[in-house]
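Visitor: Have a look at this one before I ask anything.
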Amino acid sequence: MTVARPSVPAALPLLGELPRLLLLVLLCLPAVWGDCGLPPDVPNAQPALEGRTSFPEDTVITYKCEESFVKIPGEKDSVICLKGSQWSDIEEFCNRSCEVPTRLNSASLKQPYITQNYFPVGTVVEYECRPGYRREPSLSPKLTCLQNLKWSTAVEFCKKKSCPNPGEIRNGQIDVPGGILFGATISFSCNTGYKLFGSTSSFCLISGSSVQWSDPLPECREIYCPAPPQIDNGIIQGERDHYGYRQSVTYACNKGFTMIGEHSIYCTVNNDEGEWSGPPPECRGKSLTSKVPPTVQKPTTVNVPTTEVSPTSQKTTTKTTTPNAQATRSTPVSRTTKHFHETTPNKGSGTTSGTTRLLSGHTCFTLTGLLGTLVTMGLLT
């Protein structure tokens, strides 16, 4: 059977459509013979074209997941231009995922999850306690990636371990402001009058699989004052070998000496060093210059009647004598009497009447006065 061919007149209309058909063919061909076209679309990912417009054979294009999506581990994220101007096949490789799980101070992710970066909804991760912490059996150490791409709330399933009780310091104090759990710090001090030897603080640190204090307890040693100062002409009562804080030393003076200052001084502390509260007293003897000076005799005035040549005239002479007067002027004569005397001369004796009073004590007369008295008394003629 012979197929009828169209006649020339019938084929003419097709020639008029030839330019349009050629244009469609050219648009479908690659820009350069042997090039691949634009890379294929991948859900939730974008190709990294880096400004290229042609993709010759063996060209590799890598995709990057869009925001909030993460590459699925093990899935391809690139295509290659093959012979025949065709791209290699690629599957969807981006999916929604939680971010890296929350970092906890008390716990860390177990080994399988440390390097993982893809955590789709429903993923469960597990933690283990860090050194210095212990598991709380009643609480779960797991977290879950929720539908909102957030991790479930982490509870405190790991608790700090406790250091041993630090004990006590003799004559000192231990300050424990924050307890004795892992990471705690305690400080030491001594009572007044004692000096600290050792560390002033200690820390609760990791020691193997447990925790221990970093430093042992210090020692508080008593502070002593230097030997008390000795004093001249005195002694220390009940002297001892050592004098600690607030202990006192008492002084006493030898016989015949007087104490000047405080009888006692006591031991004090200044900048962890012992020192005495003050200087010791002094013992001073009785000075000769402190004796009462002797009383100097005052001049004594005595009225002594004198004898005149003329019996008709009478004259009384008053003389004043001084104990230390020179002999060239008068010779003092001392007489002591314990009674009061009154002498009256006889009438008609030719002498002037008078009265001589001698008081107890020392009475001094001049020689002339003494002779006159003796004549009056009839002892001399």
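First residue shown is number 1, and so on along the chain.
Cβ coordinates are placed from backbone N, Cα and C, and glycine is handled just like the others.
Copied straight from Swiss-Prot:
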- 287-309: compositional bias 'Polar residues' (COMPBIAS)
- 310-328: compositional bias 'Low complexity' (COMPBIAS)
- 35-96: domain 'Sushi 1' (DOMAIN)
- 96-160: domain 'Sushi 2' (DOMAIN)
- 161-222: domain 'Sushi 3' (DOMAIN)
- 223-285: domain 'Sushi 4' (DOMAIN)
- 277-354: region 'Disordered' (REGION)
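Mind mapping these onto the model and telling me what they sit next to?
Guide: Using DSSP to sort the residues of the domain 'Sushi 2' (96-160) gives these counts of helix, strand and coil: 4 helix, 23 strand, 38 coil.
In the predicted structure, the domain 'Sushi 3' (161-222) carries a mean pLDDT of 96.
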